[in-house]
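This report concerns only the one structure given below.
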Amino acid sequence: MARSKTSQRWLKEHFDDPYVKMAQKDGYRSRASYKLLEIQEKDRILRPGMTVVDLGAAPGGWSQVTSRVIGDKGRLIASDILEMDSIPDVTFIQGDFTDDAVFARILEAIGENPVDLVISDMAPNMSGVRAADQPRAMYLCELALDLAGRVLRPGGDFLIKIFQGEGFDTYHRQVRDSFDKVQMRKPLSSRDRSREQYLLARGFRGV
């Protein structure tokens, strides 16, 4: 079957993308690594020895960046519905984050030790119908915030991909109620046409 013009356009954009080329050169699994690297350069959210949870981790771009910074004294628990090739010293849990059993497995892997940082690059499979996609995206954001509220230590941080649209303002207020400082980030490596932004919440106030 011949490729559609849309898919041909996407392929051209993908292979012409400088961040895709950089990822191949630098040994990262995806261009998404540079989004976290940009945020790290500006905000220094990752430090050696931290305990971090990475949601929506596959194919592993953010986990690669995180594991390199936190080092062998840090701890990283990653999860995704998709398979992810192993990364040294990373605990990976495969499953649907919206499934209570998978959520429980993540909590079990974290254990009793409080977490310093929760990061999430999760997004639903986009249909292109904004009225359907936005609620699914916000639902994932709600679940990630719920997890963060359960596992973060007081003073911990939370970084999540979020899309502008219905439910954004309410969610932003929810996060503000639990953290000292909330900022929005749009990395240069995030495509201009994408509605995605990253919400960075710092200073978890505790339950």
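Keep in mind that glycine also has a Cβ here, set from the backbone N, Cα and C atoms.
The annotation in Swiss-Prot ties GLY60, TRP62, ASP80, ASP96 to S-adenosyl-L-methionine, and of the candidates under consideration, ASP17, ASP121, ASP133, the one tied to the same site is ASP121. With a cut-off of 8 Å between CB atoms and residues at least 6 apart in sequence, the same chain places ILE81, VAL102 near ASP96 (S-adenosyl-L-methionine binding site), listed in sequence order. Rounded to a whole number, the C-alpha distance linking GLY60 (S-adenosyl-L-methionine binding site) with LYS161 (active site, proton acceptor) is 15 angstrom.
Under the DSSP three-state reduction, ASP80 (S-adenosyl-L-methionine binding site) is assigned to strand.
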